[in-house]
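**Q** Feature list, courtesy of TrEMBL:
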ACT_SITE  Glu339  active site, proton donor
BINDING   Gly38, Pro39, Leu40, Gly80, Asn109, His185, Phe365  thiamine diphosphate binding site
BINDING   Asp79, Asn109, Ile111  Mg(2+) binding site
DOMAIN    277-453  domain 'Transketolase-like pyrimidine-binding'
SITE      His185  site 'Important for catalytic activity'
Amino acid sequence: MFGYGISIDDLKHFRHVDSITPGHPEAHDTPGIEVTTGPLGQGFANAVGLACAQAHSAGVFNKPGFEMFTNHTYMFFGDGCAMEGIASEAASTAGHLQLGNLIAIYDDNHISIDGDTKCAFTEDVTKRFEAYGWHVQWVKDGDHDYQGIEDAIKKAKEVTDKPSMIRLTTTIGFGSKLQGTGGVHGNPLKEDDCKQVKEKFGFDPTKTFVVPQEVYDMYHKHASEGAAAEKEWDGLLEKYSAEHKDLGADLKRRLTRKLPEGWQEKLPVYKPTDKPEASRKLSESVLEAIYEAVPELLSGSADLTGSNNTRWKKAIDFQPPSLGIGEWSGRYFRYGVREHAMAAIMNGLAAYGTVIPAGGTFLNFVSYAAGAVRLSALSHQRVIYIATHDSIGLGEDGPTHQPIETLAHFRALPNFMVWRPADGNETSAAYYVALTSQNTPSLLALTRQNLPQLEGSTIANGIKGGYVALENKDAHVTLVATGSEVSLCLEAVKYLKEHNDVTARVVSLPCMEVFDAQDEEYKLKCIPHGIPTMSVEVMSTFGWQKYSHEQFGLNRFGASGAYKDVYKKFEFTPEGIAKRAVSTIDFYKEVKPLRSPIQRAFLQLI
């Protein structure tokens with residue numbers, strides 16, 4: 001399920017420190033766990049994503065006589081989940097999308113960690129979900145009315161044009177001396193209470209962690225039924241493939257998570273003479289170029305389609321056909337102003353196994369989605385975050401919209417790639433690595449302002465995460481930068497030579513995580529010993545000490561104004577970069593031998 005419960009079989013190992021099934025199970029560690037949730041509300045939104053993936057896959061692949069995708073998605077949620085904002089965002093989305101394949105069971109026990117929910121949560125959840133457009137039922141005696149529960153589920157499955165919520169009023173810790181109180185929320189029962197509960201329900205009170213044979217038999221029977229159903233589906237897939245050859249081959253390939261042969265040949269390639277473009281537009285060009293070659297790629301935006309440039313021209317929206325504005329087979333998602341739910345829904349989409357989701361918002365607002373982004377990384381989902389308006393270069397929107405700390409935050413996240421491309425070839429490289437990395441999510445930080453196409457840039461260089469954008473023999477300093485600051489550094493090289501007789505070289509570092517994975521020889525070729533290195537990025541300098549001796553960044557909030565004026569205010573200009581480069585050279589000229597920061601970081605790791 002999608003909440004934080006564990007099965008009876010899991011309980012056998014629950015107290016083993018070395019168990020791979022922790023209190024909050026992880027999909028990539030434990031068989032049978034569909035998604036990694038943990039923080040409340042995440043599983044709710046994941047379930048919406050799984051239901052969307054089923055509806056989309058059915059829209060693409062189901063044909064007369066071949067119902068390849070027919071499953072329902074079931075999800076439990078509690079009062080804590082219902083309080084989290086992400087659950088509200090996801091429930092609203094599911095109601096709009098009329099996801100009749102989604103059934104949510106609300107464990108209405110009126111208890112959270114702080115105790116009775118009357119201290120903080122007194123709304124009418126039934127009316128709330130009805131207002132979202134859900135079909136709602138109420139089983140008032142969830143402790144005993146098993147037939148009522150079964151009947152409610154059966155009725156929910158008959159409703160095909162609305163998601164269903166079954167309000168199941170229960171008693172937390174049912175049977176214990178502390179039942180109905182916060183004392184059984186996350187705390188073990190005392191020994192005498194454990195014994196009386198076991199006696200009450202027919203267990204031997206002297207035995208611990210014993211699973212009755214009849215439970216094993218029931219589970220094994222169900223597993224056998226599941227194996228038979230899978231075998232039947234595999235046979236249906238073979239018949240389907242014989243009658244619908246192209247679709248069958250496509251479905252089989254998708255289930256392996258491999259991309260179509262030769263898709264990368266569609267990636268746009270740029271020459272230095274090509275016109276300058278904002279990297280958000282370059283991202284749009286990639287999507288336009290590859291959407292037919294990679295049919296499982298979905299795109300979308302949190303109400304910023306025109307700003308994120310996430311929609312290819314012929315895209316069809318993913319919408320219930322009854323609305324007349326899209327189809328279940330549509331590949332463009334209108335997430336609305338729901339960044340957090342968007343990210344968690346994409347985790348569910350990715351977990352289903354037939355699609356690769358990408359979704360857009362402003363970089364600064366990815367912070368709204370941080371909880372779900374973290375779970376993308378933890379659960380090894382191939383999700384792509386298209387994050388535009390990546391710096392003070394967005395201009396007049398001002399400090400509220402200008403990201404400063406955001407990249408440092410997400411660069412610190414394990415198993416997560418942050419890309420900040422400097423031109424078209426680097427943007428294509430970012431998409432190449434993002435799409436071919438089956439178990440790692442990616443964030444693409446993209447500009448609003450135009451960027452020139454660089455001389456030393458190629459897709460082959462970009463996929464290494466870093467490369468020498470401009471080499472100069474006997475250079476006095478290495479300038480290492482990302483995104484819009486790479487071209488500024490290249491201009492600064494000319495300024496340094498003309499005004500200071502200083503020779504500089506430039507390294508573009510579009511993705512630190514991928515660059516870190518290169519061998520030490522390559523990294524030292526990019527950032528060598530013997531000369532100082534200065535990083536240039538128009539946001540927090542946090543983390544740049546690993547790649548540079550000195551850092552030029554922005555460790556304060558930005559300012560409102562035309563982007564060129566804002567850059568000038570903070571001296572992110574060729575002159576400003578040159579001034580700091582000269583100071584860096586002067587400071588380190590007596591330091592001999594001067595080690596590359598790359599090796600310094602390597603030695604620290606050892």
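A Cβ is built for glycine as well, from the same backbone N, Cα and C atoms used for every other residue.
Keep in mind it's a predicted model, so treat the numbers as computed, not measured.
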**Q** Mind checking which of Asp79, Glu339 has the fewest other CB atoms within 10 A of its CB? They're the recorded positions.
**A** Asp79
**Q** How big is the Cα-to-Cα gap, in Å, between His185 (thiamine diphosphate binding site) and Asp79 (Mg(2+) binding site)?
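**A** So the Cα of Asp79 (Mg(2+) binding site) lies 12 Å away from that of His185 (thiamine diphosphate binding site).
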**Q** Give the distance between the Cα atoms of Gly38 (thiamine diphosphate binding site) and Glu339 (active site, proton donor), rounded to the nearest whole Å.
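**A** Glu339 (active site, proton donor) has its Cα 19 Å from the Cα of Gly38 (thiamine diphosphate binding site).
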**Q** Whose Cβ lies within 8 Å of the mean position of the Cβ atoms of Asp79, Asn109, Ile111, the Mg(2+) site, other than those residues?
**A** Gly78, Gly80, Asp107, Asp108, His110, Ser112, Thr117, Ile172, His185
**Q** Could you give the Cα-Cα distance between Pro39 (thiamine diphosphate binding site) and Asp79 (Mg(2+) binding site), in whole Å?
**A** 13
**Q** Where Asp79 (Mg(2+) binding site) and Phe365 (thiamine diphosphate binding site) are concerned, what is their Cα separation in Å, rounded?
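**A** Counting only the Cα atoms, the answer is 27 Å.
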**Q** Tell me, roughly as an integer, the mean pLDDT over the domain 'Transketolase-like pyrimidine-binding' (277-453).
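**A** A mean pLDDT of 97 is what the predicted model shows over the domain 'Transketolase-like pyrimidine-binding' (277-453).
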**Q** Report, in whole Å, the straight Cα-to-Cα distance of the residue listed as 'active site, proton donor' from Gly80 (thiamine diphosphate binding site).
**A** 20
**Q** Spatial neighbours of Glu339 (active site, proton donor) among the binding-site residues Leu40, Asn109, Ile111, Phe365, defined as Cα within 10 A: which are they?
**A** Phe365
**Q** Between Phe365 (thiamine diphosphate binding site) and Ile111 (Mg(2+) binding site), what is the CA-CA distance rounded to a whole number of Å?
**A** 32
**Q** Quick one: pull the CA-CA distance for Leu40 (thiamine diphosphate binding site) versus Ile111 (Mg(2+) binding site), whole Å only.
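**A** With distance taken Cα to Cα, Ile111 (Mg(2+) binding site) is 14 Å from Leu40 (thiamine diphosphate binding site).
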**Q** Using all protein chains in view, find how many other C-beta atoms are within 10 Å of the C-beta of Gly38 (thiamine diphosphate binding site).
**A** 18
**Q** To which of the binding-site residues Pro39, Gly80 does the lowest count of other Cβ atoms within 10 Å belong?
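**A** If we count Cβ atoms within 10 Å for the binding-site residues Pro39, Gly80, the smallest count is at Pro39.
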**Q** If you measure every Cα to Cα distance among Gly38, Pro39, Leu40, Gly80, Asn109, His185, Phe365, the residues said to bind thiamine diphosphate, what is the biggest one in Å?
**A** 34
**Q** Once the chains shown are all counted, how many other Cβ atoms turn up within 10 Å of the Cβ of His185 (thiamine diphosphate binding site)?
**A** 17
